[in-house]
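For reference, the structure discussed in these notes is given below.
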Amino acid sequence: MELIEKHASFGGWQNVYRHYSQSLKCEMNVGVYLPPKAANEKLPVLYWLSGLTCNEQNFITKSGMQRYAAEHNIIVVAPDTSPRGSHVADADRYDLGQGAGFYLNATQAPWNEHYKMYDYIRNELPDLVMQHFPATTRKSISGHSMGGLGALVLALRNPDEYVSVSAFSPIVSPSQVPWGQQAFAAYLGENKDAWLDYDPVSLISQGQRVAEIMVDQGLSDDFYAEQLRTPNLEKICQEMNIKTLIRYHEGYDHSYYFVSSFIGEHIAYHANKLNMR
């Protein structure tokens, strides 16, 4: 992994690395925050998945998470949201193609050549982190919007791999809303059964489980009713007896002003779980 940015932050280092991804067949950037204690010991890892239009920079520059990661001794890994490059398929819209990988494995041309973000996040990236950084095997996952969707899907499908999961403003029923429907049709085809593998509410209804889900949702979020539908997740978790910590916040929108307001509580939540034995 090639170090391309290095910034001192709260006694640790906010770095950005570039590497070639075998899963995605392109060069990828990834942000890695190494707290002060990483200089002397192995630490657990929180993976952060960003939302539509984002890259590895949004979370590391806008959330203020470094203060809390340093306090709680957690490495934070923030990858890009899709494969990148002139040779990678793209679309002339913000919600499909580069910047909109949806954390799935595409099966349809031309997307299936590079869009294997599920494999990248689940397998390739953790292997690289273990190889190059002072990381323990204990990891958690979180994300925002499309990234919140990805975090929920990865945790629900691999409950033994992630200690805990949380999300900000996640797309909880992508097969039922425009963002998910158009992306799934392009990436996965018209067979809607395939869509359900990447739909958190559907996965829970099929019996997939995690110990607990933490979600924060702003009530002044322009996408709340049409695209996100957090109450769908709350309802299915109640029906399936999955413990939740779902909080609704008056006045907060879909932006990083919202994420930065509560990221400290999410990192504390994950730290508590990651440090349990």
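Numbering starts at 1 and runs along the chain as displayed.
For all residues, glycine too, the Cβ spot is worked out from N, Cα and C.
Predicted, not measured: the structure shown is a model, and the values here were computed from it.
In sequence order, GLY51, LEU52, PHE168, SER169, PRO170, ILE171, PHE223, LEU228, HIS254 make up the list of same-chain residues 6 or more apart from SER145 (active site, charge relay system) whose Cβ falls under 8 Å from its Cβ. For SER145 (among others), the entry in Swiss-Prot reads active site, charge relay system, with the evidence type similarity to another entry.
A sphere of 10 angstroms centred on the C-beta of ASP221 (active site, charge relay system) encloses 21 other C-beta atoms. DSSP assigns ASP221 (active site, charge relay system) to coil in the three-state reduction, outside any helix or strand. If you look up Swiss-Prot, you'll see ASP221 (among others) marked as active site, charge relay system, on the strength of similarity to another entry.
Per Swiss-Prot, active site, charge relay system is recorded for HIS254 (among others), and the stated evidence type is similarity to another entry.
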Cβ packing number for HIS254 (active site, charge relay system), 10 Å threshold: 21
Mapped DSSP class for SER145 (active site, charge relay system), helix or strand or coil: coil
